[in-house]
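For reference, TrEMBL has these:
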BINDING   9, 10, 41, 42, 73, 74, 184, 185  substrate binding site
ACT_SITE  72  active site, proton donor/acceptor
ACT_SITE  183  active site, proton donor/acceptor
Ligand code: I24
Ligand code: DGL
């Protein structure tokens, strides 16, 4: 089926998820909304994140998507369950795919989760992991300096290495063998995270696992696309800034970006 896959995110970070979907499913069209005007969601109260996430989902529903991906971990953590109840198309988040991959991988049954404050406070990863395994133990860590670091553009500097090492300091005494990058931005810092944690630890990104989930669901429903993709991107904030980052990250030459206004009552 040629209807687009909807992807929603607090901003540009969800492009890490969109990119994995494009790589695994090159025929699929993606309609992406980034709420760049109200990013970041990580430090916001949960009712606000839930409200914003609903607004994006409804805007894409109107455009006729066949499946909705909540690419933002913070939005998934607080809004996935309610969106799944309301929407008739399948709605998938990034938390369960990451949790499932970690359970499959861990030998010590000890998994660290790195995420924003909102995701960590929600307990969503602990809940997802507990529902998959009764023996797995979770070490949660909020890394509030990581999103600002990536968004500052200084993510390749020696300062970045130091900020990552400092942020991961609380994990020093823990004995996990698997880490979930429970935030859209963290794959950008993956090599620093791996260097800090050492070779005994495997770092998994939710983005890649989520793309596999999308593939599985569409295949099962007989809804995989076969044509040429025609992606569309919508930003609530600056169109040129969004376009620059998307062009760079997705390595595409003609990224179609439009401004979108989100309101609560439609
Ligand atoms: N990466 C992210 N957000 C930014 C950024 C970045 N600026 C440089 N890089 N800015 O997220 C957020 C500010 N808003 C303002 C309003 O409009 C939208 C942006 C991570 C993106 C992950 C795909 C660094 C950078 C880049 C290109 C690709 C990847 C990347 F410039 F990390
Ligand atoms: N997209 C968010 C997440 O994955 C990170 C950026 C933000 O705080 O909005 O949790």
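Glycine too: its Cβ is placed from the backbone N, Cα and C atoms.
Unlike curated records, TrEMBL annotations are generated automatically.
Model, not experiment: these values are computed from the prediction.
By the rule that a residue counts when its Cβ sits under 6 Å from some atom of ligand 1, the binding-site residues 10, 42, 185 yield 185. In this record, substrate is bound by 9, 10, 41, 42, 73, 74, 184, 185; the longest C-alpha to C-alpha distance in that set is 12 Å. Its Cβ taken as reference, residue 72 (active site, proton donor/acceptor) is surrounded by 35 other Cβ atoms within 10 Å in the chains shown.
Within the group of binding-site residues (73, 74, 184), the Cβ with the highest number of other Cβ atoms inside 10 Å belongs to 73. Calculated from their C-alpha atoms, the gap between residue 185 (substrate binding site) and residue 72 (active site, proton donor/acceptor) amounts to 9 Å. All protein chains included, residue 183 (active site, proton donor/acceptor) registers 31 other Cβ atoms within 10 Å of its own Cβ. Reduced to three states, the DSSP call for residue 9 (substrate binding site) is strand.
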